[in-house]
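Participant: Sharing a structure here in structure tokens format.
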Amino acid sequence: MFLPSISRLFADTKSLNKPIFSLKLVHLLSTSSSSAGEFLSHLLKNKNVSGMERTLSSVRSKIDARCVDEVLEKCAVDDPQMCLRFFIWAGLQSSYRHSSYMYSRAYKLLGVDRKPQIIRDVIEAYRLQKYVTSAKMFKVVLNLCREGKDAILGLWVLRKMKESNCRPDTTMYNVVIRLLCQKGDMDEAMGLMREMDLIDVHPDMITYVVMIKGLSEVGRLEEACGLTKAMRGHGCIPNTVMYSALLDGICRFGSLERALELLREMEKVSGQCKPNVVTYTTVVQNFVEKCQAIEALSILDQMRDFGCKPNRVLISTLIHGLCKEGHVEEAHKVIDRVAKIGISYDSCYSSLVLSLFRIGKVEEAEMFFRRMLTGGLKPDSFTSSTIIRWLCQQNRILDGYCLIEQSASVSSIDSDIYSILMAGLCEANHLAEAAKLAHLMVEKRIQLKGPCVKNVTECLRHCGKEDLASSIGNVKS
């Protein structure tokens with residue numbers, strides 16, 4: 001507890017016969033760490049001093065994330081302006097730098113989302129007190145705007161920088177441009193890019209990638225393509241991330257044929273523009289969304305020729321699209337094809353079963369699931385749980401139990417399904433199966449859950465399985 005500072009606070013007030021600090025304030029200081037307490041004490045004594053930041057440098061305590069967090073937590077509600085000024089000042093110290101977490105904490109504790117005016121008030125206070133601001137100070141404020149994804153406030157801060165004779169750099173422009181792109185205000189974002197050229201601040205790779213992604217997402221493809229050519233003039237070489245964003249836009253708002261052309265162009269270019277599995281997956285997903293999964297099969301050929309191995313996400317997407325369009329046989333061919341290059345039959349057929357289930361072909365899904373088990377394949381946890389849960393919902397409890405008994409990956413099935421099956425087996429008087437399942441649950445340490453616990457244990461005792469009833473009742477997950 002930081003009591004020495006408190007005594008100093010009252011030392012100068014004895015002659016006045018009344019303390020200048022409230023009991024609440026005393027409590028705040030007494031419950032603070034020594035470092036945070038020093039800063040709180042100093043802030044409270046100098047809160048009305050013009051340019052209080054200058055006096056903070058006299059505090060010799062170490063500043064770190066814990067100290068900053070504690071100061072904010074103690075007085076953000078009572079005096080958010082003072083707190084924000086402290087936070088900005090702290091972010092300028094050579095021995096300390098705010099982390100993303102601290103920006104998130106400050107944004108939350110200061111309530112900037114509910115009261116964005118606090119930022120305007122602080123910047124106005126700087127002006128009224130004729131406190132000399134710096135670009136670094138504004139950068140801290142812009143990072144707070146970024147945390148709240150507040151494009152309007154970020155743009156206002158950028159404009160205030162110019163009024164304060166602070167020159168924003170590329171990084172600061174990028175913060176606001178990204179916020180505008182996220183909001184979909186591409187005209188304002190384009191205006192900022194033109195403004196950068198006028199004041200000799202050059203866009204960098206981040207600027208172009210963010211802008212091209214933003215333009216692509218709103219369907220302004222010609223402008224996006226134009227930026228891919230213009231960026232070379234600023235020494236920025238188009239890369240895979242940028243082309244992937246452009247490809248996504250072309251797929252969504254342009255033609256899929258044009259997307260395939262761009263994909264082929266990327267394959268021909270050396271260096272950072274080579275497509276990767278994420279690029280190909282983006283194109284496949286867009287083909288599937290437009291119900292052209294059969295046309296997307298050609299992308300597998302492109303990947304093979306380019307030496308890029310598909311991953312499970314791409315294959316699952318393609319299988320789902322083919323099943324949705326009624327091309328189940330083609331889905332089988334895809335599975336056989338990719339199994340030869342190392343993607344397991346287990347994962348492929350799990351995707352097939354789930355795809356059939358999701359499009360309403362549940363009987364087919366069950367059939368292929370049973371074939372997987374008969375053929376020695378291991379469905380993944382989600383697929384197994386989905387099918388067995390559906391059987392339980394259809395009151396096919398015995399079928400569900402038989403699949404669990406048959407499945408080699410029994411421990412990976414959702415634990416609540418065991419409780420559902422146990423309750424159903426006991427209710428239908430399948431006592432032999434209930435006892436076997438109870439043994440399995442005890443062996444695998446699977447807890448019996450829900451309102452069925454009492455009925456299940458009574459049922460097991462009724463059929464002479466007293467020890468088993470006691471054991472399953474004592475299993476804790």
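For all residues, glycine too, the Cβ spot is worked out from N, Cα and C.
Whatever TrEMBL says is automated annotation, not expert-curated.
OK, TrEMBL features for this one:
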DOMAIN    129-272  domain 'PROP1-like PPR'
REPEAT    169-203  repeat 'PPR'
REPEAT    204-238  repeat 'PPR'
REPEAT    239-269  repeat 'PPR'
REPEAT    276-310  repeat 'PPR'
REPEAT    345-379  repeat 'PPR'
REPEAT    414-448  repeat 'PPR'
Participant: What residues in the same chain, six or more past the boundaries of the repeat 'PPR' (345-379), come closer than 8 Å to it by Cβ-Cβ distance?
Facilitator: 312, 315-316, 319-320, 323-324, 328, 331-332, 334-335, 338-339, 386-387, 390-391, 403, 406-409
Participant: Under 8 Å between C-beta atoms and at least six residues away from its ends: which parts of the chain pack against the repeat 'PPR' (239-269)?
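Facilitator: Apart from its flanks, the repeat 'PPR' (239-269) reaches 205, 208-209, 212-213, 215-217, 219, 221, 224-225, 228, 275-276, 278-280, 282-283, 286-287, 290, 292, 295, 298-299, 302, 306.
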Participant: Under an 8 Å Cβ to Cβ limit, what residues of the same chain, 6 or more beyond the ends of the repeat 'PPR' (169-203), are close to it?
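Facilitator: Distant Cβ neighbours of the repeat 'PPR' (169-203) are 135, 138-139, 142-143, 145-146, 149-151, 154-155, 157-158, 161, 210-211, 213-215, 217-218, 220, 223, 231, 234, 236.
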Participant: Per DSSP, how many helix, strand and coil residues does the repeat 'PPR' (169-203) have?
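Facilitator: Helix (H, G, I), strand (E, B), coil: 27 helix, 0 strand, 8 coil.
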